[in-house]
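Working notes, beginning with the structure itself.
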Amino acid sequence: MALLPRALSSGGRPSWRRAARASRGFPLPLPFPAAATHALSRAMACRQEPQPQGPPPSAGAVVSYDYLVIGGGSGGLASARRAAELGARAAVVESHKLGGTCVNVGCVPKKVMWNTAVHSEFLHDHGDYGFSSCEGKFNWRVIKEKRDTYVSRLNTIYQNNLTKAHIEIIHGHAVFTSDTKPTIEVSGRKYTAPHILIATGGMPSSPHESQIPGASLGITSDGFFELEELPSRSVIVGAGYIAVEIAGILSALGSKTSLMIRHDKVLRSFDSMISTNCTEELENAGVEVLKFSQVKEVKKTSSGLEVSLVTAVPGRLPVMTTISDVDCLLWAIGRDPNSKGLSLNKLGIKTDDKGHIIVDEFQNTNVKGIYAVGDVCGKALLTPVAIAAGRKLAHRLFENKEDSKLDYNNIPTVVFSHPPIGTVGLTEDEAIHKYGKENVKIYSTSFTPMYHAVTKRKTKCVMKMVCAYEEEKVVGIHMQGLGCDEMLQGFAVAVKMGATKADFDNTVAIHPTSSEELVPLR
């Protein structure tokens, strides 16, 4: 496939939008002289740029675009906007609010609540730092109102960004049709494009009533953001990062919180050091971690929910217990892909047993011209991953960068636990499995951050560096402690670039910080 010519903008810079227009036969405007350009700018400033208008399609007509994106979440929006920048006529189909899980019921409102919880923790330390009368009364409704206002503002920003990029927003639910060429139908109207991206994300899983009687009395992480008051008594079910984060937030803000897990540790897919330390920190912070436990039944009573559970510690007889007066039972047991309502079978688009759309390394499905990115694919369920994959795809499709694809190796991730976790690369066990135990060297440390030098409340900071072969290439970094969420990004760049232990040793550390402990590890 031939690359588009590097057409120049009026300022002499390469413009892929101009190149794309030229390749489609659109005339390119000639560069204006500087004086004329300034005059035009002044004139344009006095009026709003008109939006492109066209005759409305008839009811039976099929509307065509260069790029159709199903899903207005982070990945879909990023891909659509990048495609538009490259000259494509794009449209986004969204049945709910723009921004997807991340903006509406995920990363963004979660981080606001985590920040709130951190304030609560620091309040307890103010006396140790010499401040008196530091006991503050928390009002859940105040932060909920401010949080929701912030989210609404982001929804508007996304809407404005699409409008400025001349990307059409199609409101409604998309389903594929049986037409000869890939086509979707939204609210009775059909749309088609040579390139269609599925970026519909995922949704929280919850058990069926047939599995756990009364399960529907609980909520999911989506429902967490609808709570009007801080629950007095909370039970969180799950051992993944969502369960850990919500349990930590509720506990820090004053809710009596139990975290029910099937095994003896949380975050079992993380490095063993992180899994062990995070479990301990939860317990130290006052979260009741119910290990080897599962919910058996949920009942509604006059004083709240009654949660019956069974605890089956290996080597012991199972024990049945009940937690009464529960205000909030929250299921955080995983996420399912939003793929069932798309009629994928009409085109024969393949999915796995859970409904995740199967794609190759270039985000292609098994059907030509149909692609998928983000949580609906079930791989690395992180907002920045969906954004990066969506943009890479746009460059491949509309800039003819045939090798443009996301490298899924060494993706950094953070858990907003208390204290936060940062991790990138292979765990110790993964490295041993990949390189052999004799070829793996581990460096680790554990210490109390300087912040806690004068506080009664203590949290640890633990760090681990995983290195491979004689050159000791750093293939993994894992840490939990104050500030680890912010310090990870720089270390992730080093890991991505292939840094060695010697590179870290040769770097002068910043003192006094927690991050300096990772540089000269022994």
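Glycine is no exception: its Cβ is also placed from the backbone N, Cα and C atoms.
Taken verbatim from Swiss-Prot:
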| type | residues | note |
| --- | --- | --- |
| TRANSIT | 1-43 | transit peptide |
| BINDING | Ser74, Arg81, Tyr158, Arg391 | glutathione binding site |
| MOD_RES | Lys97 | N6-acetyllysine |
| DISULFID | Cys102-Cys107 | disulfide bond |
| BINDING | Ala239, Ile242, Glu245, Arg262, Arg268, Gly334, Leu381, Val414 | NADP(+) binding site |
| ACT_SITE | His511 | active site, proton acceptor |
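Structural mapping of features recorded in Swiss-Prot.
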residue : record                   : CB count, 10 Å
Ser74   : glutathione binding site : 28
Arg81   : glutathione binding site : 22
Lys97   : N6-acetyllysine          : 17
Cys107  : disulfide bond           : 18
Tyr158  : glutathione binding site : 23
Ile242  : NADP(+) binding site     : 23
Glu245  : NADP(+) binding site     : 25
Arg268  : NADP(+) binding site     : 15
Gly334  : NADP(+) binding site     : 15
Val414  : NADP(+) binding site     : 17
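For Arg262 (NADP(+) binding site), the spatially nearest entry among the recorded positions Ser74, Arg81, Cys107, Arg391 is Cys107, judged by CA separation.
Between the CA atoms of Arg81 (glutathione binding site) and Ala239 (NADP(+) binding site) there is a gap of 36 Å, rounded to the nearest whole number. In the structure shown, across all protein chains, Ala239 is the one of the recorded positions Cys102, Ala239, Leu381 with the greatest number of other Cβ atoms within 10 Å.
Look at the Cβ of each of the recorded positions Arg262, Arg391, His511 and count the other Cβ atoms within 10 Å; the largest number goes with Arg391. If you measure from the Cα atom of Ile242 (NADP(+) binding site) to that of Cys107 (disulfide bond), you get 10 Å. Looking only at the recorded positions Ser74, Cys107, Tyr158, Arg391, His511, the one with its C-alpha closest to Val414 (NADP(+) binding site) is Cys107. Secondary structure at Tyr158 (glutathione binding site), as computed by DSSP, is helix.
What surrounds the glutathione site, by Cβ distance within 8 Å of the Cβ centroid and not counting Ser74, Arg81, Tyr158, Arg391, is the set Gly75, Gly76, Leu77, Ala78, Ser79, Ala80, Arg82, Asn161, Ile387, Gly390 from the same chain. In three-state terms derived from DSSP, Gly334 (NADP(+) binding site) belongs to neither a helical nor a strand segment and is classed as coil. The residue listed as 'N6-acetyllysine' is 24 Å away from Glu245 (NADP(+) binding site) when you measure Cα to Cα.
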